[in-house]
Amino acid sequence: MLFDLSLYSLPAKLINGGIAGMVGVTCVFPIDLAKTRLQNQRSGQQLYKSMMDCLIKTVKSEGYFGMYRGAAVNLTLVTPEKAIKLAANDFFRHQLSKDGGRLTVLKEILAGCCAGMCQVIITTPMEMLKIQLQDAGRLAAQQRVMPSVVTQVTRVSATQITRELLRTKGVTGLYRGLGATLMRDIPFSVVYFPLFAHLNQLGQHSSDNPSVPFYWSFISGCLAGSIAAVTVSPCDVVKTRLQSLKKGANEETYNGVVDCVRKIMRKEGPGAFLKGAGCRALVIAPLFGIAQVVYFVGVGEVLLGYTPYSICSA
């Protein structure tokens, strides 16, 4: 890490996490859109054969900016979401290492678990709104190809969805799929943060010079992110299905996590739980690689007046 823990500053970490999230999401959002559409399509109603097929068809039918449907919501909320996730992990690691001892793997897992629990405050409504906007193009395309199968699809904005949910279901409407989000984000953080910390540590120059080259942080973030993403991919499929409000006429509705898992297993088989896993790995790997570089460079510390170790020497 480029900054001494004695200079630990929660506001600086929040700034770093916010900037990291915005940069990362901007770079990988089209792949995330493809992931959502691949996860939501059912057997017998498959419009997309692969990630590239999905992106090509999206551009043809919706234009270039069709790949960024839901990006505004994500960019707005990813700042607090990533800030909370990354800063919370650092905060809990800092608290758990106050005795001066080295963090054990168990303490690293505990810090990651706490970070995952904190982030769902923002993640759940963000994903809820993003999924509706991302999946609207898939439903519209199904309507053109199979008009008898899909119900009427109207284009809506994030503001309209939010108002309707608050009017009909209250604040809890925005937290639909909270259990599935926790089921995904806690294990992800438990796998990702300890794995990243150990991989990143391998890049230290020496015990006397603990600084890590920025490219090593990027590689560590990519590798740890892709492994954690694939590990929790089945949970992400369940979460996406539960949070999708608009469905085709012949598409299943679900009453909770257990019902969703049971119906997917019975009607689509175990392979359905890995739908979009490759896309998710491609999203998460560069997202967290970029995020960790921005985070470890320490823009927040610079803005708040801390003096970093020489970044150039890393």
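Cβ atoms here come from the backbone N, Cα and C positions, even for glycine.
Quick look at what TrEMBL annotates:
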type     : residues : note
REPEAT   : 8-95     : repeat 'Solcar'
REPEAT   : 103-202  : repeat 'Solcar'
REPEAT   : 212-301  : repeat 'Solcar'
TRANSMEM : 272-297  : transmembrane segment
Model confidence over the repeat 'Solcar' (8-95) (mean pLDDT, whole number): 84
Residue counts (helix, strand, coil, in that order) that DSSP gives for the repeat 'Solcar' (103-202): 82 helix, 0 strand, 18 coil
Within the repeat 'Solcar' (8-95), residues counted as helix, strand or coil by DSSP: 73 helix, 0 strand, 15 coil
